[in-house]
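Per TrEMBL, these features apply:
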COMPBIAS  138-147  compositional bias 'Basic and acidic residues'
COMPBIAS  159-195  compositional bias 'Basic and acidic residues'
DOMAIN    1-111  domain 'C2'
DOMAIN    232-355  domain 'C2'
DOMAIN    388-518  domain 'C2'
DOMAIN    551-678  domain 'C2'
REGION    138-238  region 'Disordered'
TRANSMEM  812-838  transmembrane segment
TRANSMEM  923-952  transmembrane segment
Amino acid sequence: MADISNRKLIVEVCNAKNLMPKDGQGTASTYAIVDFDGQRRRTKTIFRDLNPRWDEKLEFSVLDAKSLAAETLELNLYNDKKTTGKRSTFLGKVKINGTSFSTSETTDLVYYPLEKRSVFSQIKGEIGLKVWLEEDKIPPPSEEQKSSEAAPPPPPAAAEEKQPEKEENIANEEKKEVEKSGEENKPPEDSKTEEPPAPAVVHAEEEKAVVARKSPNLGLRESEPRYHGGGGGGDRRRRSAYDLVDRMSFLFVRVVKFKQSKPEPDSLAHAKLVIGTHSIKTKSKAENKEWDQVFAFEKEGLNSASLEVSVWIDKKKGATDDNSTESSNLGNVTFDLTEVPKRVPPDSPLAPQWYTLDGKDSPGNDVMLAVWIGTQADEAFQEAWQSDSGGFIPETRAKVYLSPKLWYLRLTVIQTQDLQLGSGATEPKFKNPELYVRAQLGAQLFKTSRAMVDSSSFSSNPTWNEDLIFVAAEPFEPFLVVTVEDVTNGRALGHAKIHMASVDRRMDDTSEVRSRWFNLVGDENKPYGGRIHVRVCLEGGYHVLDEAAHVTSDVRATAKQLAKAPIGWLEVGIRGATNLLPVKTKDGTRGTTDAYVVAKYGPKWARTRTILDRFNPQWNEQYTWDVYDPCTVLTIGVFDNVRYKHDEAGKQGKDARIGKLRVRLSTLDANRVYTDSYSLTVLLPGGAKKMGEIEIALRFTCSSWLSLIQAYASPMLPRMHYVCPLGLAQQDILRHAAMRIVTARLARSEPALGHEVVQFMLDSDTHVWSMRRSKSNWFRIVSCLSKAAAFAKWLDEIRGWVHPPITVMVHVLLAAVVFFPHLVLSTMFMYAFLIIGLRFRHRQRVSLHMDSRLSYIDAVGPDELDEEFDGFPSTRSPDQVRIRYDRLRALAGRAQMLLGDVAAQGERLEALFNWKDPRATGIFVVVCLLASLVFYVVPFKAFVLGSGFYYLRHPRFRDDMPPMTINFFRRLPSLSHQIL
């Protein structure tokens, strides 16, 4: 008997750092409890150490390999109660999703930050773990087991007698185990503090016995379907159902093969399907070959009540002409569509049957068919010939694409040695040459700063210590090329190739990356050009941004070990579109639109099938995504398919934009279905154009409300973005590099997702100057400041006694604040609670999407739109560019004056303290001295009350001129007079 393999999960608890002291003496005696799939293990206790080290390996049996992705490994850290004599206290926990388990024992050490059990827990520190899966060989059964297995089963009567006794024994054993574990896990009397359960350590022999009782077949239990809301799979029953879209009925015909009563040698045959005006034929195959093709006809578009399937034999006309053939009919079979059976998944597929062809000339021929009526949820629908999508055209099929996995590649250039700086007789000599290092990965090229070296010494060792960061996509480029170049004479001193397969990977900033020396290869005359010292690694702790920051849909770290369990899932039903405008002309006579939809969330791109030549297409396709952060954005775009048609030169066109919408998940209520129609507006050089409407159904399902609330308190990006942050300019460069990589990879798919589609979905042109966007952002700022302006206007009306009763009430409120200051904060928060609570019934009840008014597309001129669509560099005439340049100069002049005024205010305040104007600063110093003496005598409450009453005094007691303090501040000097 062959060995049977059983997987085991190995958890190596290495060490912890910076733990919270819990024993009352500034230390902690720590142990860890690890739970996985109903199994529990405990480490030893490390006494009085806030940085304990265990280096213990804990083994867990993987009882169900199919549900491993839905399992969660949980580690809880406690302070041992033996040291305090009271109770064990909680130090933190870590949860690791089953999808992040490594399959290699050489996995890297990963430090996980300790999480809180509740909001009031005081937790800090991190713990280092290694988690991997390994195969465990189960030895073959012994001779006694073989003989027991080979023994015949007992008679039914005996089995019935032994079965109750066996069940009773098992029940008694399980009852004893439960009672025993209950005694061990019994909580103390004082349950208000954080008390961990006692570690019920299960020995290997006991665990095998329990497993054997659960499944007597070699200690392995049968896999059962699981429906976890927060696991990697989610609720499979809901995910597989098409409950957000309308079910569309299709007539499916599977044509398998045929057989002849009198076979003809070297003959090919094809089947032909006819339903009214619909006609399609299969590929030509020999008799022993199978067609095995599926055809899907939209039932609403059928104009006949019968289906006719016929088989035709293709024969050559003559021996000299190989291309000319003639077809003869072997017969046909007719189906009444009212008698066709219906199939609804998860019913098993309908088995094909042999049908006799009704042929007068050659009877006795058969064809194998299967005919049924199903929906778009049928498994055969995706690969079938579809009547509304043009048949077997690859560019019109519904497909799911995945963005490549992106990494940041960090190259640290340290120094070089033994460089050959042209000291030969035929090479020119330079006194102080300037060197820099150029690194290239694929199409990405970065350079270090220049370093000047002294060529008089024999050995030149310039030092940089600079980081160059690239974006690398799996599968990686084969080599990273590093070149040392001399700026003085413009030549390369040597280059080195770093194999990407040998580059180290790290998950956080604590992992050490080894530095390496590489020999520089020169030209043919100098095969050795020196050495270069570098440090290179792939950063897995970052999230590589490939979208604009305001529309990001994924914030997870690149490393699989740092992945967290999803908090829910998002279901999107793409129902249909109405009143689409024609985008192109068909046969030069009439307009037509071949529309399809692309939905993007995270690394997953979903593309619907293309429905040809319809202005009201109905897709009714549903897709599902795992959600890891609620503050992310779903992007949906509608396009007109041009790529499925090739011109005379065999080239494909570019798909035209019809419209786009975005939905932020945080604006959606959990477990609620949103079915709305959204307007599709596209911006063209001639202006904004409404292209129609699209109907989308959305449902965000939350598996854990606690995880959802905790997500709002956690950082948006992974830890490395805050520990080792990247500069804003560097992030922008890397983001555009990632966009180009994603665009190139998706364009290489089959069928390709066009680069114009990817760039439109990723908003790759947000950095390009646009007068429209500038106006939109300006009015956004004005809208935000309008609330402050309204408050200032209201305060000025109170101060001006426009409404005397309100002004008197403000006086009373001022007195109450002065005499009862402890009620200020509670009153403010209660006021906010009441106001926001009353606005709950006026909340937005539909999902937000693109706003044409906010985009400012109706208030811009045609020249400004043409400027936005103009490429870089500009392709317009010099006169038009000069007009736009003058307009930009005028706008920049106003912005320049605004920036100068803002800077002058800060410089005046700084000049007051730096004696830039000695007289003004002297006056201010004297005023400060007098104010300190006055405030020492006058109570603070009296000062606040007097200042408030003075500010709210009646207008008849005021002067029309500006107050003294404003005059004094305006006279302070700034640096404006020093600018040329």
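Using N, Cα and C of the backbone, Cβ positions are placed for all residues, glycine too.
Because TrEMBL annotations are produced automatically, they should be read as predictions rather than curated entries.
The largest share of C-beta pairs under 8 angstroms with the domain 'C2' (1-111) comes from 551-678, of the ranges 232-355, 388-518, 551-678. Mapped onto DSSP classes, the domain 'C2' (551-678) shows 7 helix, 65 strand, 56 coil. Across the domain 'C2' (388-518), DSSP classifies residues as 6 helix, 65 strand, 60 coil. Sorting the domain 'C2' (232-355) by DSSP state (H, G, I as helix; E, B as strand; all else coil) yields 11 helix, 56 strand, 57 coil. When averaged over the domain 'C2' (388-518), pLDDT in the model lands at 85. Across the range of the domain 'C2' (1-111), the DSSP-based residue counts are 10 helix, 55 strand, 46 coil.
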